[in-house]
């Protein structure tokens, strides 16, 4: 039975004119394989409404799997995230000027949630297709981590049958014309997210393989 996969991306923030997470996600809207049917929704880069928008999308689409995607300018690889932390600590304001500092996302929630996606399998599959990828162990403390933590808190409390997680992606080339920062083509990012969605639909459990970081 094919799995319904919801992929989300953010609108542009921090003076950018595009956000590759949404540019990639919307290309996958309506994509179907033997394993998965993908729908896409845009999320505002706003602490107060990001999670509300995601909850509405989950209610609308009734997915089996949720993959939230965000821009991580400066990263060189596609990075599926392993853990979300219960902290909002914004270096810059969000798109409505909110800048929470040292605030808990959920006062009665745990310190962290693990992803429910097979991130090591996803990373390995991307590499098999020539796409630079690595498991990440920090999703930051801005709206990306806020949404990731909020997603996991929501499904843990209300929809334990849903598997969810987060993937960070690099800039696309048009964003780096005036920056000394790495980028990946939008086509490559779209391929990576398609591989991630199909892999998540195929495998409920992750593989035990060497990973982690030394620092």
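The backbone N, Cα and C atoms fix where each Cβ goes, glycine too.
Under the heading active site, Swiss-Prot lists 81 (among others), citing similarity to another entry as support. The Cβ of residue 81 (active site) has 25 other Cβ atoms within 10 Å, all protein chains considered. A strand conformation is recorded for residue 81 (active site) in the three-state DSSP classification.
Just so you know, the Cβ of residue 144 (active site) picks up 25 other Cβ atoms within 10 Å once every protein chain is counted. Taken from Swiss-Prot, the feature active site applies to 144 (among others), supported by similarity to another entry.
If you look up Swiss-Prot, you'll see 168 (among others) marked as active site, on the strength of similarity to another entry. With a cut-off of 8 Å between CB atoms and residues at least 6 apart in sequence, the same chain places 69, 70, 71, 72, 75, 78, 79, 81, 136, 139, 144 near residue 168 (active site), listed in sequence order. In this structure, residue 168 (active site) is part of a beta strand by DSSP.
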